[in-house]
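S.K.: Below is the structure I would like to discuss, written out as structure tokens.
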Amino acid sequence: MAVTALLLTTIFLGVFADDCTRDAEVIRQILTSDQGVMQPVNVDSNFTVDVDAEVLAMAVVAQTNTMDVDIILTRTWKDPSLYFAHLKPCHPSIDLLSHRSKIWMPKFSVQNTDSHLIRKHSTTLQVSKDGTVMHSTWVRENIHCHTNALDYPFGNTTCRMSWRNEHDSRERLQLKWKTENATSRERESNIKEVGDLILQNTSFIRSEVLRVNGVFDELTIVFDFQRAHHKVFFLFFLPSTLFMVVSWLSLILGPMAITRSILIVGSLMLLLMHYFTNMASLPATTGITAIDVWKIFSLLFVIGILLELVLVTCMASMGRSTRTCGCCRYSALFVDFVSFWTSLGIFVLFAFIFFTKGSVIVKWLNEKTLSDLNVF
């Protein structure tokens, strides 16, 4: 009795097992010349490839003003020659990664990048029973970033990553972002900060590129970053301001104080060391920036106080001589008093203009040339 039941069960399972086609048989049939071809049906007519990009990680390379971006790039298109729903497959989709050389795939050329790395073991190629092909691959791109010198460090840093179809014109092949990509991907991404940059916006752009042999589609991702202002203030502006304050307070020590010259020269050396150590974390920009204007002013401010010390020291020395009257010494004290409040006013006025009209100053400096200054 038990043997009969086992036999009936085996027959029952065998009957139902034959109701679906195994993956190996499906692959064999759709890749033969009788069932399909290596290119999509009607390849000479227009068809569309949907592109999706999911950002996994980002890292800033400050020295070259570039960014390393890890993304999963997914391309989806429909190939009627790979339709196998009528074969009654056991699974709704099959893996054709090992047969990708026999499958037509759209070719992209990467734009605006210094390096392009593909992690092959993270690549997938799935085909659904309705002929929809989904190809996903992990890609690392080193993309260029642009920082506007007029707004730096308070402006935005923009990084662009582009892919272009240079093999088939728009008359044969169109590229487009997935409809949900521009809205949902940005919300799903956990990347909010990259180094000292804060991600403000991510844009997915589709554009047309005109070439001699036709019009081609180009897909671009634009990352808009803004530098963290609190870090710039606390690590750059605040230390340099304190060094200037030390040299400024030395004015109340009197013209003959030996420690006064030590404080001023020490402030100047600290400023130079501070600017030298902070250059490594600042990206390269073209033209004069607000940072450069601040550095030049701070150095001139301390050097001006140092020159004032030389002047009042000479005046005080003359006042101590028996051949001159003591009014020179009192004049030196008066010059110190006036310099104390004048330098304070100059610093406050410069700081106000710098943080309110800094871009105007930077723009004016970048537009000036040697011919405008009548140097030559």
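A Cβ is built for glycine as well, from the same backbone N, Cα and C atoms used for every other residue.
Pulled from TrEMBL, these are the listed features:
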{"type": "DOMAIN", "residues": "26-196", "note": "domain 'Neurotransmitter-gated ion-channel ligand-binding'"}
{"type": "SIGNAL", "residues": "1-17", "note": "signal peptide"}
{"type": "TRANSMEM", "residues": "232-251", "note": "transmembrane segment"}
{"type": "TRANSMEM", "residues": "258-276", "note": "transmembrane segment"}
{"type": "TRANSMEM", "residues": "296-318", "note": "transmembrane segment"}
{"type": "TRANSMEM", "residues": "330-355", "note": "transmembrane segment"}
S.K.: Do any residues of this chain, six or more beyond the ends of the transmembrane segment (330-355), have a C-beta under 8 angstroms from a C-beta of it, and if so which?
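M.R.: For the transmembrane segment (330-355), the sequence-distant neighbours (Cβ-Cβ under 8 Å, at least 6 residues beyond its ends) are 244, 248, 251-252, 254-255, 290, 293-294, 297, 301, 304-305, 308, 311-313, 315-316, 319, 361.
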S.K.: Over the domain 'Neurotransmitter-gated ion-channel ligand-binding' (26-196), what does the predicted model average in pLDDT?
M.R.: 77
